[in-house]
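J.: Found this in Swiss-Prot, in case it helps:
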SIGNAL    1-30  signal peptide
DOMAIN    31-76  domain 'LRRNT'
BINDING   PRO49, ASP51  Ca(2+) 1 binding site
REPEAT    98-121  repeat 'LRR 2'
REPEAT    123-141  repeat 'LRR 3'
REPEAT    142-163  repeat 'LRR 4'
REPEAT    164-187  repeat 'LRR 5'
REPEAT    189-207  repeat 'LRR 6'
DOMAIN    241-330  domain 'LRRCT'
DOMAIN    393-467  domain 'GW 1'
DOMAIN    472-550  domain 'GW 2'
DOMAIN    553-630  domain 'GW 3'
Amino acid sequence: MKEKHNPRRKYCLISGLAIIFSLWIIIGNGAKVQAETITVSTPIKQIFPDDAFAETIKDNLKKKSVTDAVTQNELNSIDQIIANNSDIKSVQGIQYLPNVTKLFLNGNKLTDIKPLTNLKNLGWLFLDENKIKDLSSLKDLKKLKSLSLEHNGISDINGLVHLPQLESLYLGNNKITDITVLSRLTKLDTLSLEDNQISDIVPLAGLTKLQNLYLSKNHISDLRALAGLKNLDVLELFSQECLNKPINHQSNLVVPNTVKNTDGSLVTPEIISDDGDYEKPNVKWHLPEFTNEVSFIFYQPVTIGKAKARFHGRVTQPLKEVYTVSYDVDGTVIKTKVEAGTRITAPKPPTKQGYVFKGWYTEKNGGHEWNFNTDYMSGNDFTLYAVFKAETTEKTVNLTRYVKYIRGNAGIYKLPREDNSLKQGTLASHRCKALTVDREARNGGKLWYRLKNIGWTKAENLSLDRYDKMEYDKGVTAYARVRNASGNSVWTKPYNTAGAKHVNKLSVYQGKNMRILREAKTPITTWYQFSIGGKVIGWVDTRALNTFYKQSMEKPTRLTRYVSANKAGESYYKVPVADNPVKRGTLAKYKNQKLIVDCQATIEGQLWYRIRTSSTFIGWTKAANLRAQK
């Protein structure tokens with residue numbers, strides 16, 4: 001029997017078959033029905049305590065009232081019950097109806113179907129739109145051929161393992177994830193599982209008698225298990241919602257494509273969110289700013305047997321917002337990534353000779369002491385500082401420290417006290433030198449170091465490291481030109497960080513477009529790494545530049561444009577700057593095509609449009625290259 005999965009058609013078909021099989025009350029091979037019986041004439045409402053169900057039985061037996069008495073012979077005459085949308089909450093008493101072959105109780109309020117256990121002749125059972133969760137009571141219904149349990153909120157279908165004789169099964173609009181048990185139901189010709197939470201369909205591979213299969217609105221991304229179902233006449237696979245496991249946000253994100261056709265080949269994404277690209281087998285995104293998810297839409301026509309289907313849906317990749325916690329122990333910094341809104345794992349308490357570790361604090365000198373049991377990661381990078389308590393006010397030590405570059409003007413004193421009358425000079429001349437600390441003291445809660453043969457200075461002016469640490473280093477997209485070359489240079493790394501070497505004077509690059517690649521912050525300032533003509537040059541102080549393009553200048557819009565006839569040779573770019581390294585091509589290939597403008601930016605007085613077709617991202621071009629009419 002072939003069926004189209006249409007609820008109205010399904011129930012019309014069932015009603016017709018109910019009439020055809022209305023005389024199906026004989027038990028095969030003369031077997032005796034093990035059902036409960038009444039021995040004396042009994043009022044209907046005493047047998048069937050649910051008022052609504054009692055009314056159904058009254059009407060079925062053509063009685064005037066539920067107080068009318070009935071005999072077991074009269075109950076034996078009932079072979080089908082149709083009581084859809086009747087507000088029935090219990091079918092208690094149905095065990096006295098041994099010859100029921102068809103039972104239609106859709107749209108009621110049933111939760112317990114244990115009374116059905118002994119209905120050995122039951123062949124058709126439809127219980128859509130109830131509140132049934134436990135299917136174990138169906139295990140002895142060996143004549144059951146057609147079962148419908150749609151819209152019940154079912155998550156566990158393991159109770160169906162005892163029903164291998166089923167030929168049609170409707171389980172749509174539930175909460176099913178695991179269909180392993182269905183591999184046992186090899187006689188099925190119709191199976192509906194639409195609108196569930198199914199991702200693994202391997203258990204269906206052996207159901208070769210299937211003619212009608214409904215799998216729309218699930219989480220399916222791999223069709224290989226369906227390749228052998230050659231008897232299919234109807235197959236539905238649309239609107240799949242596939243959710244990957246969350247991963248950390250990255251500025252350059254790579255996600256493998258796992259959507260597969262029946263032959264195992266990858267299904268190419270049709271539309272990729274957030275300007276992503278597809279480079280088989282990976283989907284790639286450039287995400288300089290955090291977004292909580294990315295996705296792509298897929299579409300693939302599929303033919304299996306006689307069935308033609310549209311396999312399409314969306315794959316969503318959730319992203320975790322992670323930030324950096326820096327643990328600073330007297331200038332030595334260890335960094336770790338932590339998801340926003342979660343608790344931070346406490347690191348091993350640091351040790352320091354002559355000091356007792358007090359705790360981790362949000363500021364070097366005080367602030368909030370971090371409670372690793374109750375405090376949660378905020379939505380930004382931050383530093384926790386190890387705070388120690390001196391065991392004595394002054395003692396002998398033997399340490400090596402360096403002057404922090406930005407502390408060069410800090411004072412040196414005869415005693416561990418900030419008093420101009422005791423001042424001997426500044427730390428400027430001692431930069432970049434390894435300095436020996438031979439004494440330490442605390443005064444007013446401040447830690448002081450005595451530099452051997454030099455004098456006293458605050459410990460906060462010194463560092464364990466010769467070089468500055470970068471507070472962050474991230475990819476950015478921007479363009480700039482030199483604003484102030486005087487006294488500024490270009491470095492292989494941000495100045496005064498480990499490995500930084502002089503490249504050139506900044507004046508050499510005056511007037512040139514500088515493509516900004518990365519941004520880093522050190523205690524001195526914020527730095528940009530830049531390239532010119534596609535060649536990476538180095539790092540420069542951002543204060544020396546004038547940034548004429550950054551992504552925040554882009555504004556969303558919605559326009560339709562066409563390439564101007566005389567502008568087909570003009571170029572389009574990855575960003576709204578006419579720079580050859582980001583050039584993508586010319587507008588000639590899009591001549592006479594309808595283009596969508598989804599973003600605009602005004603760069604140095606010049607209006608730019610970001611264009612795309614209905615499904616493909618193109619790039620940025622000057623608005624002057626386009627016109628409103630075809």
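Just so it is clear, glycine is given a Cβ too, placed from its N, Cα and C backbone atoms.
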J.: In the domain 'GW 2' (472-550), how many residues does DSSP assign to helix, to strand and to coil?
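T.: Residue counts for the domain 'GW 2' (472-550) by secondary structure: 7 helix, 47 strand, 25 coil.
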J.: Tell me the coarse DSSP state (helix, strand, coil) of ASP51 (Ca(2+) 1 binding site).
T.: helix
J.: Identify, in sequence order, the residues in the chain of ASP51 (Ca(2+) 1 binding site) that are 6 or more apart from it along the sequence and have a CB within less than 8 Å of its CB; answer 'none' if there are none.
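T.: Long-range Cβ contacts: LYS45, VAL66.
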J.: Taking only same-chain residues 6+ apart in sequence, whose CB is under 8 Å from that of PRO49 (Ca(2+) 1 binding site), what do you get?
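T.: Result: SER90, GLN92, GLY93.
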J.: When DSSP states are grouped into helix, strand and coil, how many residues of the domain 'GW 1' (393-467) land in each?
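T.: Summed over the domain 'GW 1' (393-467), the classes give 12 helix, 38 strand, 25 coil.
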J.: Could you give the number of helix, strand and coil residues in the domain 'LRRCT' (241-330) as assigned by DSSP?
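T.: Taking each residue of the domain 'LRRCT' (241-330) in turn, the totals are 3 helix, 58 strand, 29 coil.
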J.: As a test of reading the model: what is the averaged pLDDT for the domain 'GW 2' (472-550)?
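T.: A mean pLDDT of 94 is what the model gives the domain 'GW 2' (472-550).
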J.: With DSSP as the reference, give the number of residues of the repeat 'LRR 5' (164-187) in helix, strand and coil.
T.: 5 helix, 3 strand, 16 coil
